[in-house]
Amino acid sequence: MAALIVQGAFCLLLLICPQLSTAKLSHKPNIVFILTDDQDVELSGQTPIEKTRKLIGEQGITFDYMYVSAPLCCPSRSSILTGKFVHNHLAVNNSLEGGCSNSHWQNTQEPSAFPVYLKQQGYKTMFAGKYLNQYGTPKAGGVGHIPPGWDWWTGLVGNSKYYHYSISDNGTKVSHGGNYKTDYFTDVIHRKGMSFLDEQTSDSGPFFMMLSTPACHGPFTPAPQYANEFANKEAPRDGSYNVHAKDKHWLLQQTITPLPNDTVNMEDNVFRNRWRTLISVDDMVEDVMMTLQKKNLLNNTYVFFSSDNGFHLGQFSMPSDKRQLYEFDVRVPLMVRGPKVPSGIQSKVPVMNVDLAPTFIALTGQEPPPQMDGISLLPIIQPNIGPVPHWERDVLIEHQGEYHDTTPGCPKFLHQDMANCNNHCVCEDSRNNTYACMVNSNSQTFARTKYCQIYDDAKFEEYYDLVKDPYELVNGVSSLPTDELNKLRTQLTNLVKWTNFSTVEKLRSDLLTGYEPSLRPGTDQSIPLNISVGLSMTLLREFDEVTSSFSMIGYLNVKWIDHRLQWISSNYEGLTKMVLLQSDVWVPPILLVNPSHSFDLLGFSTDRVQVMQDGSVNWLPPDLFQFICEADVTHFPFDEQTCAMALRACGYSISDLNMQHASDRVSEASTLTENGIWEIIESSSSSYIDMDAQVMRFSIIIRRRPGFYIVNLVLPIMAMLVLQLFVFLLPVESGERIGYSITILLAISVFFSIITDFIPETVIPNLPIICYKLIVDFFLCTLITILAIMSLRCHNEEESKKIPLVLVLLTKKLRSLKNDTNRVEDIKQYDDSSKTTKDDVWDCEQSLTWKEVSLTIDKLSLYVFSVILFFENIVFLGILMFRI
């Protein structure tokens with residue numbers, strides 16, 4: 001209770017007396033930056049952070065129109081760090097290939113990110129939380145890579161998680177599990193921040209602390225104490241919710257309206273859990289502010305609160321994601337509190353995430369570096385340092401659509417370049433969801449308009465008056481006068497070209513002028529060109545044992561040096577990378593040697609190649625690889641198959657091209673989708689010479705997943721055979737014995753006719769062993785039926801009829817084994833003698849009945865067939881599982 005009273009007193013003190021402090025202001029202020037993940041403003045994303053709004057927003061400035069440079073995590077965060085637009089820092093999506101924390105980004109962008117400039121001004125810097133989506137992964141340098149400019153470093157490996165993740169703790173990998181008290185990531189960040197602040201004093205020098213939380217990004221896992229909050233809340237139903245897109249770009253036309261019930265339920269659950277995760281962030285903000293006040297640091301500290309991008313839940317019937325050009329995805333919170341920042345201001349000035357880096361640098365007393373596209377917000381947050389400028393600014397938003405060649409569960413989108421599709425095949429991203437938008441705002445007239453160009457085949461355009469149409473329901477591009485539309489087109493083109501787009505055009509022209517794509521690279525054509533070839537698999541699609549056809553989806557990773565594509569980066573504003581069409585440059589004509597359908601060269605003319613300043617070329621041609629693979633189903637369903645794909649450069653000999661494997665195995669792409677029937681257990685790569693040409697061989701060993709066949713094929717057969725044995729336990733008097741046995745026999749016959757669809761229809765090189773088992777099982781089942789009929793016949797035989805000798809001997813032997821003294825006295829007296837005579841047997845026969853003979857047949861059959869079936873199945877499973 002005492003702790004709560006103290007906490008409340010501090011909160012009250014912070015609210016009513018924000019400028020109270022006895023500490024002497026140092027020349028350079030401290031800066032705290034709290035960054036959330038996917039927190040929107042359009043869907044009431046700021047509602048659950050009440051304490052944050054009171055302690056930062058109401059005690060400083062809240063920006064109503066804070067835009068991000070891209071509605072996606074890694075591109076937006078890269079803009080925050082560098083102060084650059086996406087087309088300048090080139091982290092276009094969340095993948096390594098898309099520039100997210102890859103080696104090129106680390107070498108060209110991180111050295112000029114804002115922490116480096118703060119460090120140069122004597123700041124002690126601290127980071128805890130999510131950095132960039134690929135950070136810490138092996139191909140991004142692992143956890144040992146600490147971005148320059150940071151003193152205290154706690155970086156999440158990969159994308160947002162709340163439990164079961166790893167972090168780089170100052171370069172050391174630390175793994176966390178699922179315990180709330182020690183592992184909940186928002187709270188881990190919270191504790192790291194408190195540890196850092198504990199060491200700061202008003203005399204210890206300026207510091208910069210960045211706390212980057214996973215909330216409210218998926219998987220939307222709230223802390224357990226908040227798991228039941230907002231139980232009655234629903235995702236907002238106003239505006240564009242559940243409205244089918246009208247006159248909008250192609251991707252939005254594929255949505256389902258009205259939204260399916262399961263999608264609506266999902267959206268409501270996501271909405272509630274997003275809010276719940278933010279409560280932990282709200283607790284962290286409160287603790288930060290209280291600690292700053294307790295340590296007399298608040299009066300000399302600027303606190304910034306923002307997010308990397310927005311979010312949507314049902315807007316224009318899109319289920320749940322971001323990536324779109326509309327306000328709900330591109331606007332985020334921004335609240336600023338600090339020295340000389342007026343309280344309770346709601347600003348209509350349009351600002352961007354690229355403005356944060358130059359603002360942080362300006363607060364340290366430096367001029368923001370010229371390569372940054374953003375501008376300092378000091379004239380806005382500190383209006384007393386000069387008149388607030390008339391901000392009539394064009395905001396630039398860019399997105400490059402992510403896509404895959406295949407969409408699991410949505411075969412209609414094969415080769416359609418779609419991504420992020422739900423169970424109803426409504427996709428949130430695609431290759432043609434690539435666009436640039438310009439938001440023109442006037443802070444005095446409050447006019448706001450948005451003009452967008454979608455880079456698809458239709459060259460689609462969208463235009464919205466955001467004051468009259470805040471939900472962007474009506475695309476007004478068709479109603480614009482021609483001269484006004486042309487003006488907007490020119491403005492957007494110039495904005496995208498602001499720094500180096502024109503330079504890219506010049507470089508492309510310089511590289512391709514006089515370039516002949518049909519000639520292979522190499523100044524000395526007598527020396528073979530070295531080419532590195534790797535294979536990455538994204539989907540093991542199918543293996544047809546009958547046609548011996550193996551198909552998989554993947555892409556090659558082909559690299560070589562083309563001396564004709566080299567340039568000096570300083571001549572092109574430091575540009576070190578270029579993307580060209582495959583058809584514009586020479587690429588090796590790679591042919592699949594063992595196709596199962598037809599011979600075709602890999603790659604499409606519209607594919608891109610990436611060229612570096614040293615002339616190194618990287619080509620990633622995706623394809624559906626279909627090739628011959630001889631099947632051996634002897635041990636079905638425990639069989640393994642070895643399939644090899646062979647590639648060669650068509651028209652070139654070994655003296656022309658030296659093709660080398662990039663790896664000794666086939667790589668599994670990060671987007672690899674598991675196959676439901678086959679699992680990949682091993683892969684390898686090799687090469688050989690064939691007809692003076694080098695052939696690259698990629699081998700994949702796959703193993704069938706036997707679970708389905710065991711449950712639906714093997715176990716039902718065993719169960720029916722066991723049921724058939726029970727015919728010998730069924731009382732003869734019931735009159736159901738023959739009907740029961742024949743019913744089981746017919747059931748097995750019908751089942752066999754059904755399961756033939758599951759068994760590979762091939763006899764090359766061998767018939768599956770399971771087929772022999774089925775024949776044996778059917779024979780045994782038939783034999784059991786015959787014996788059941790014989791037993792019934794004996795049971796109903798007239799007692800006056802003489803019992804055959806063989807049945808008497810059989811009964812005698814069985815009785816002697818059972819040591820049944822009460823019923824075989826006559827037989828036992830003959831057992832004591834050294835020899836049993838025929839007369840003795842006839843005497844014993846007089847004590848037997850046909851019913852007892854029937855019972856003997858039943859018992860003996862039950863025992864014998866039980867043993868046979870047991871050992872038959874043991875031998876069968878042993879042969880299959882151990883591949884004897």
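In case you wondered, yes, glycine gets a Cβ from its N, Cα and C as well.
The domain 'Sulfatase N-terminal' annotation in TrEMBL covers 29-365.
Residues annotated as domain 'Neurotransmitter-gated ion-channel ligand-binding' in TrEMBL: 505-706. Looking only at the domain 'Neurotransmitter-gated ion-channel ligand-binding' (505-706), the predicted model's pLDDT averages out at 89.
Taken from TrEMBL, the feature signal peptide applies to 1-23.
Here TrEMBL flags 707-731 (among others) as transmembrane segment. Within its own chain, the transmembrane segment (707-731) has Cβ neighbours under 8 Å at 636-637, 677, 737, 740-741, 744-745, 747-748, 751, 755, 758-759, 770, 773-774, 777, 780-781, 784-785, 787-788, 791, 858-859, 861-862, 865-866, 869, 873, counting only residues six or more beyond its boundaries.
Outside the transmembrane segment (738-755), and at least 6 residues removed from its termini, the chain residues within Cβ reach (under 8 Å) are 712-713, 716-717, 720-721, 723-724, 726-727, 730, 774, 777-778, 781-782, 784-785, 788-789, 792. Residues or ranges marked as transmembrane segment in TrEMBL: 738-755 (among others).
The transmembrane segment annotation in TrEMBL covers 767-792 (among others). Tertiary neighbourhood of the transmembrane segment (767-792): same-chain residues 633-637, 713-714, 717, 720-721, 724-725, 727-728, 732, 737-738, 741-742, 744-745, 748-749, 752, 759-760, 854, 857-858, 861, 865, 868-869, 872, 876, 879-880, selected by CB-CB distance under 8 Å and a gap of 6+ residues from either end.
Marked as transmembrane segment by TrEMBL: 860-882 (among others). If one looks beyond the transmembrane segment (860-882) by at least 6 residues along the same chain, the residues whose Cβ comes under 8 Å of a Cβ in the stretch are 635-638, 718, 721-722, 725, 728-729, 769-770, 773, 776-777, 780, 783-784, 787-788, 791, 810, 814.
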